[in-house]
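Working notes, structure below.
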């Protein structure tokens, strides 16, 4: 029995090698896989000595298959198979349009991988694949536009019918309505304030007369070119389709784009890819997307990934959501609970994150495999202090996939905030305020007002200061901090400054270590007590009540536990 299986494995390997020598990787891979399956079964039933002899062969074949699956020949053949399957699905009346679109997108992503695998010297082959890729992207855009148009037409027809008959006299179910009413990506010429006039009954309204129903060729070209980012395809987000992505799968999801490239530091720490369900046993808690109590900026921490600007942006987005009870960060990751709209843990391992890039929100698909040190169970990415909480790690993974990998050189928090929220950033160099007191005054009032009304979120960055200066004041050079609060209090600690206001920023270091040591730090009791007494006098009718004074001291201590920075003239 075993001899026959060894013979079958050998025959499959020889057939695979024959195809490989002929340059037909797509045909070689199935035979290599067949040989691998046979040898792995034999390794289970054979003796320990024979199993040890089989392992090098199994490892060699596994490596060979992995290399062939990355070859342009294999990827191109696989893309063509996916493309053909998408066409067949489109012909079937039982297949939903969003499933057809997903299959075309999968084919486009594989075409992109095949294009990247081809050497630049293969000019003709690259041109042919690129042409096919652009065709698929164009076709997907048209399908999405047609889907939107159909839904608009159904809604329009219902409205027209309701105007022509006495609706009250009829007994019929409520007309179907769109589940999501958020704005879609529309052409620049489309006016949301000027709805299209209804045509006469005998005149059919054309697609061109429907604002936002379809893209112009120029817009399609822009979308096509801007969707190719760092070697992967990130299509524009459409609420009606992408929020209804299929997340229940027959087996754990693996990103068809492959693993997000690791950084040198992660590799040095022997990072291996693990699912939350796998390392849950190590941390002792079942994985959750958001821990009880909701998102909390104070538990977010940056680890070995050099993306302080992004983690600081996550912190202030979480702080905004916590402060104003409005979705800002929890509404960009799916799947979500249809009742609470909060993202939830998906045991199938598939997530979709909505990020802004090249001018529009885009769909970033990831799996839940995260870099972990297998021996210690340490998560080698940004996370929270709650070991089983996933939202930080998964959003970071999606953002770094968009940006090419975990070896992130550090960015600009304005760019990071735009990617997370779509809010337009504004940068204010502090150096411009040193000799411009009026400008500083206006800026401070704007920041204070806008921050407390929820109209802005703020980060601050440090300059290239020396290590000695950094250690003395407790700030990290060339680092980004999240601004969690903006204060203005009366100053009585200095008689020469009496009557003037003390301006404070409560900031958070994404590292969760090394706090501010300057004026109004947590160790500066003299200034804080003076501020507490003044604040108490202005807000209490009984300024000598010991219990109330004690309560205000406790509040201040909690504030001092976070880093503070004085903004003064």
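Using N, Cα and C of the backbone, Cβ positions are placed for all residues, glycine too.
Please treat TrEMBL annotations as automatic predictions, because they have not gone through curation.
Per TrEMBL, the features are:
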type	residues	note
DOMAIN	236-528	domain 'Calpain catalytic'
ACT_SITE	308	active site
ACT_SITE	479	active site
ACT_SITE	509	active site
Can you give me the average pLDDT across the domain 'Calpain catalytic' (236-528), rounded to a whole number? 85
Please identify, from the active-site residues 479, 509, the residue with the sparsest Cβ neighbourhood, meaning fewest other Cβ atoms within 10 angstroms. 479
Secondary structure of residue 308 (active site) (DSSP, helix/strand/coil): helix
DSSP secondary structure for residue 509 (active site), reduced to helix/strand/coil, please. coil
